[in-house]
Amino acid sequence: MATKLLSLTCIRKERFSERYPLVRKHLTRSRDGGGGSSSETAAFEIDDPISRAVFQVLGMTCSACAGSVEKAIKRLPGIHDAVIDALNNRAQILFYPNSVDVETIRETIEDAGFEASLIENEANERSRQVCRIRINGMTCTSCSSTIERVLQSVNGVQRAHVALAIEEAEIHYDPRLSSYDRLLEEIENAGFEAVLISTGEDVSKIDLKIDGELTDESMKVIERSLEALPGVQSVEISHGTDKISVLYKPDVTGPRNFIQVIESTVFGHSGHIKATIFSEGGVGRESQKQGEIKQYYKSFLWSLVFTVPVFLTAMVFMYIPGIKDLLMFKVINMLTVGEIIRCVLATPVQFVIGWRFYTGSYKALRRGSANMDVLIALGTNAAYFYSLYTVLRAATSPDFKGVDFFETSAMLISFIILGKYLEVMAKGKTSQAIAKLMNLAPDTAILLSLDKEGNVTGEEEIDGRLIQKNDVIKIVPGAKVASDGYVIWGQSHVNESMITGEARPVAKRKGDTVIGGTLNENGVLHVKVTRVGSESALAQIVRLVESAQLAKAPVQKLADRISKFFVPLVIFLSFSTWLAWFLAGKLHWYPESWIPSSMDSFELALQFGISVMVIACPCALGLATPTAVMVGTGVGASQGVLIKGGQALERAHKVNCIVFDKTGTLTMGKPVVVKTKLLKNMVLREFYELVAATEVNSEHPLAKAIVEYAKKFRDDEENPAWPEACDFVSITGKGVKATVKGREIMVGNKNLMNDHKVIIPDDAEELLADSEDMAQTGILVSINSELIGVLSVSDPLKPSAREAISILKSMNIKSIMVTGDNWGTANSIAREVGIDSVIAEAKPEQKAEKVKELQAAGHVVAMVGDGINDSPALVAADVGMAIGAGTDIAIEAADIVLMKSNLEDVITAIDLSRKTFSRIRLNYVWALGYNLMGIPIAAGVLFPGTRFRLPPWIAGAAMAASSVSVVCCSLLLKNYKRPKKLDHLEIREIQVERV
């Protein structure tokens, strides 16, 4: 029996860690000693969750082979059970990973004479954690690539993504081999600042600030009190700031409990202690970004204080009589007042304001890579130290004539810092979508106190961050819903547009779910909290969008490849430019008239070399894709379209074929009454009262649809009191019958009526035939053996489904419907919606096979579905789109989630991906074009014919402007509007008739 159970579970791919969560078992093994004459039994205890591994075993031909493999495996210590399937060449092993590993099991199978390869290892899946780290100090793709290489070299790291645009890293790692502390250390050793955002563990962390007169002993008492609470993992106290960090399981406890424990603690004369949630201000991404903006702004202002006088003394005052004479006054030998002023003012710009470029260069070069900081440091150093050389020579030589370039280095640094300031500001705007989502949660909430009967006994306004699971909160009109939950009292309309994009307010009544961050418009609601913190819908949306922005689009690989050799190539070109012009001048390959009066050939060559070095911009290439993806995914989230990263965006813009599931995708997903035909003169309200009283006792979906529709004719619509039904009988496959108000009521199909000799008139037969042609279910109603009415029940098409398919055709996208329903219903729905290609009676694996067939035919396929049976096809498709109202499994398998559950968003998703990708292309054209044109111009390619040259400070300004322009180009996506065709879609109305 156990073997059959294991085999069945292998087929169903259940997780054995759930079936056997923790087993404490004593295993015995024999150990031969002294020639085998004696043996001792060693018992060892294993306190370890069972893991499952599945191997493909080749070479087994019969049950004897399977038996030999099973025996060999079961001899190993730590094996709980083994099931060998010779027919399918599979071996499924349940084992304790602390006692035996999968490699030992594989070697044992091969020692038995068979070839084994691991297919699935649940231990690896369970042991993987994902942590997110914010990284400060990255300037270009070279920095992000360096950090990725560093992280991927750490033992236990399985995958690492570093996003330059949002300055974050997502690391998948095995906590048994590494830790997030080690990851932070490696990033900091690489020369960058690292701040942990989340650990990936199923715990939450909160920081509390304690106010009051505290001693070390009292802090220890608080620490012990908190550690004694169920669900608290660890408590860490920072004595300098009186801050307490608590790591806890949100399912068990919460921050309000911590504050109550702390504030209930009294230490003699110290009195009560006040605890509040600690706010560090600069921890969040937005706060950190604002701090970075302020830092660049201050640096730029200080650079102006020194650079403007340098510029004036070098470029302006030299042409003003009187001032020129003062500046040209010789102090020592050939050293002038102007040179001294420029040297003194340029030095703090070079070594104080420009210090960030030195540190950035050092960190990059220490790791064997080069970035933008290296180019800036080399270029400004060349200008500054050559200028310093001219000052020293002028001070020590009575006949030296030279020109300093202090204005070049100072202006170069000032313009680059200005560019960085504008770039950081623009990059900050690319993440505004996330900031807006995070700000949706209200600051406070009204907590209700209830007695045992559920009556409200009091209310209290609390910090919104103190809400815990199973709390009951009050939502007043005009207030935001404080947390996810369901309504236990009241009714209202809630504006969910900020989460789902749905423009119209959604009616809410008892039992309906509400989403934290949405706006209650009218009416008071009492909501029981079901999800808080990282589990909330808002937090999950934010996390999904953040993960999407971390994921690189395949086109980003182009920039990554270029960045590896870009800076070394630019340094080589810069040196070659200087050398070529220097040799040309020394060898008199160009006339001396080409040399400006204030320079010599060496200085002219140096200017060209520096210009090449500082005009090149790898940052523009690095920002081309991630900034567009950031804005695109943010805009999508605001439209109710959650796109899981750049890869999904890139694939979606190529889609030319969409496969639709029927139920819940093209249709509403639940039956409703769409038509009522009364054959006798009867009041509709009375008719439905009798029918509902009969059907309310049935659990059939069609019965529930009829009862739900009947409520519309009642004044007490929310909780109607139906007449009592006596002698209720449910006849499987036919219908129900009961006695209501002394009348015999039958509701069912033709077979039910025929069995009870109820005459079905011709017009009723026609109605049934019409219903069948329209993929509807015809239901007959008789009263006292006389047919009174015909109901048509169907799963109606979603509003605008037909128009959505038509718009897709206009976009040259082919639509196909695949469903598990019968061919009659499938063809009827397809005709109604306008789909030509239909596949019916398809199993889940057949849906996936159809997707693969379309891909083999050259189509780029998107699959749109909502159910568990759609998951294989969603995974197989180039782009999987899950209807937001569908199951969690379908949503997990998809690349794009449609929050509003309507088909219009399929069009929006594809259109947005096309617009985003065209923006990425435009960014690359600009970034590559800028470098391909700018570098030759800076090198002096136009100088021989036009005498036009690019001074280094202008080249630096152009470099800074190129990055800003790429970011601004991406920001234009924020103005995205969905296709105008979607604004004119007609809504299908449900028809109700009566005679």
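Glycine too: its Cβ is placed from the backbone N, Cα and C atoms.
Residues or ranges marked as active site, 4-aspartylphosphate intermediate in Swiss-Prot (evidence: similarity to another entry): Asp661.
Under the heading Cu(+) 1 binding site, Swiss-Prot lists Cys62, Cys65, citing sequence analysis as support.
For Asp866 (Mg(2+) binding site), other Cβ atoms within 10 Å of its Cβ number 24. Under the heading Mg(2+) binding site, Swiss-Prot lists Asp866, Asp870.
The feature domain 'HMA 1' is assigned by Swiss-Prot to 51-117. Break the domain 'HMA 1' (51-117) down by DSSP state and the numbers are 22 helix, 24 strand, 21 coil.
The topological domain 'Cytoplasmic' annotation in Swiss-Prot covers 1-299 (among others) and is backed by sequence analysis.
According to Swiss-Prot, the feature topological domain 'Extracellular' maps to 322-340 (among others), an assignment based on sequence analysis. Residue counts of the topological domain 'Extracellular' (322-340) by helix, strand and coil are 9 helix, 5 strand, 5 coil (DSSP-based).
Residues or ranges marked as topological domain 'Cytoplasmic' by Swiss-Prot: 361-367 (among others). Along the topological domain 'Cytoplasmic' (361-367), the predicted structure has mean pLDDT 79.
Marked as topological domain 'Extracellular' by Swiss-Prot: 389-406 (among others). For the topological domain 'Extracellular' (389-406), the DSSP-based tally of helix, strand and coil residues reads 9 helix, 0 strand, 9 coil.
The topological domain 'Cytoplasmic' feature in Swiss-Prot is assigned to 428-561 (among others); the stated evidence is sequence analysis.
Sequence annotations record features per position, and here Swiss-Prot assigns topological domain 'Extracellular' to 585-605 (among others). Cβ atoms under 8 Å from those of the topological domain 'Extracellular' (585-605) belong to residues 386, 402-403, 405, 577-579, 943-944, 947 of the same chain, restricted to positions at least 6 beyond its ends.
For 624-920 (among others), the entry in Swiss-Prot reads topological domain 'Cytoplasmic'.
Same-chain neighbours of the topological domain 'Extracellular' (941-952): 379, 383, 405, 408, 412, 590, 594, 607-608, 610-611, 614-615, 958, counting only residues six or more beyond its ends whose CB sits under 8 Å from a CB of the stretch. According to Swiss-Prot, the feature topological domain 'Extracellular' maps to 941-952 (among others).
Taken from Swiss-Prot, the feature topological domain 'Cytoplasmic' covers 972-995 (among others), and the record attributes it to sequence analysis.
Note on the transmembrane segment (300-321): residues 327, 338, 341-342, 345-346, 348-349, 353, 404, 406-407, 410-411, 413-414, 417-418, 421 of its chain, located 6 or more positions outside it, place their CB under 8 angstroms from a CB of the stretch. Taken from Swiss-Prot, the feature transmembrane segment applies to 300-321 (among others).
What Swiss-Prot lists as transmembrane segment is 341-360 (among others), and the listing cites sequence analysis.
Listed by sequence, the residues of this chain that lie at least six past the ends of the transmembrane segment (368-388) yet keep a Cβ under 8 A from its Cβ atoms are 139-140, 142-143, 145-146, 342-343, 346, 350, 354, 356-361, 404-406, 408-409, 412-413, 416, 567-568, 570-571, 574, 603, 606, 609-610, 613-614, 616-619, 952, 956. What Swiss-Prot records for 368-388 (among others) is transmembrane segment, and it gives sequence analysis as the kind of evidence.
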Notebook entry, point to check: For the transmembrane segment (921-940) against the transmembrane segment (407-427), do we get 3 or more Cβ-Cβ pairs below 8 Å once near-sequence pairs (under 6 apart) are dropped?
Noted result: no
Check: Looking only at Cβ atoms, how many others are within 10 Å of the one on Asp661 (active site, 4-aspartylphosphate intermediate)?
Finding: 26
Check: If you draw a 10 Å sphere around the Cβ of Asp870 (Mg(2+) binding site), how many other Cβ atoms fall inside it, taking every protein chain shown into account?
Finding: 34
Margin query: Considering only Cβ pairs within less than 8 angstroms, which of the stretches 341-360, 407-427, 562-584, 953-971 has the most against the transmembrane segment (606-623)?
Written below: 562-584
Next item on the list: Mind pulling out the one from 407-427, 562-584, 953-971 with the most Cβ pairs under 8 angstroms to the transmembrane segment (341-360)?
Entry: 407-427
Check: Where does Asp870 (Mg(2+) binding site) sit by DSSP, helix, strand or coil?
Finding: helix
Next item on the list: Using C-alpha atoms only, work out the spacing between Asp866 (Mg(2+) binding site) and Cys65 (Cu(+) 1 binding site) and round it to an integer in Å.
Entry: 44
Next item on the list: State the non-local partners of the topological domain 'Extracellular' (322-340) in its own chain: residues 6+ outside its ends, Cβ under 8 Å from one of its Cβ atoms.
Entry: 313-314, 390-391, 393-401, 404, 406
